[in-house]
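These come from TrEMBL:
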COMPBIAS  1-11  compositional bias 'Polar residues'
COMPBIAS  35-67  compositional bias 'Acidic residues'
COMPBIAS  75-109  compositional bias 'Acidic residues'
COMPBIAS  112-121  compositional bias 'Basic residues'
REGION    1-121  region 'Disordered'
REGION    151-190  region 'Disordered'
Amino acid sequence: MALPLSESSGCSLAGGGGREEEEEEKEEKEADEKKEEDEDEDEDEEDEEKDEEEDEEEEEEEEEKEEEKEKKEEEEKEDEDKEEEEGEEEEDEEDEEEEEEEEEEEDEENKGRRKRKRRKMRMRMRMRMWMRMRRRRRRKGMRMMMMIRTMITQPRGAGTGTQVQPEPSPATDEKAEPTPCRALAMKSSA
């Protein structure tokens with residue numbers, strides 16, 4: 001016996017409805033899976049961004065630490081340099097003070113030597129002056145003696161070519177006083 005068309009069509013409709021449901025379920029599953037995948041991707045991206053941010057923060061922190069270290073090292077070096085400079089300045093000042101003291105001692109010694117030298121030079125100069133004066137006096141005295149002798153022994157005008165007649169001596173007057181030239185001549189002859 002053949003089934004009526006309505007029944008057969010209903011069956012066919014029912015069977016077609018099951019397929020549609022399956023397709024819808026599949027689509028929903030796929031949509032759910034896509035959603036999950038998208039969510040996972042979003043989460044992964046967020047995690048990656050977080051990781052990158054954390055890495056950047058760590059790098060920044062490391063850079064800051066390195067900068068602080070470098071600053072500390074520079075400050076320590078500067079402090080060491082300052083200490084060395086101060087030590088060198090102190091040593092220089094001590095050296096200068098020692099040099100000044102040595103120079104003062106040398107100056108004092110030199111002053112003593114200079115004083116002695118000056119004294120010696122003064123004594124020598126005095127001796128020389130005294131000797132010169134003595135020689136001059138002797139020469140002067142010798143010249144005077146020679147002049148007196150020539151005046152006594154030679155008549156006036158001797159050596160000039162003109163003979164001058166001697167003045168008449170005051171022999172006539174016995175009590176006449178002798179002239180100074182004659183007195184000197186008499187003393188020297190005596």
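All positions are counted from 1 along the displayed chain.
Backbone N, Cα and C define each Cβ position, glycine as well.
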Intrachain neighbours beyond the compositional bias 'Basic residues' (112-121), with Cβ under 8 angstroms and 6 or more residues off its ends: none
Helix-strand-coil residue split for the compositional bias 'Basic residues' (112-121), DSSP-based: 10 helix, 0 strand, 0 coil
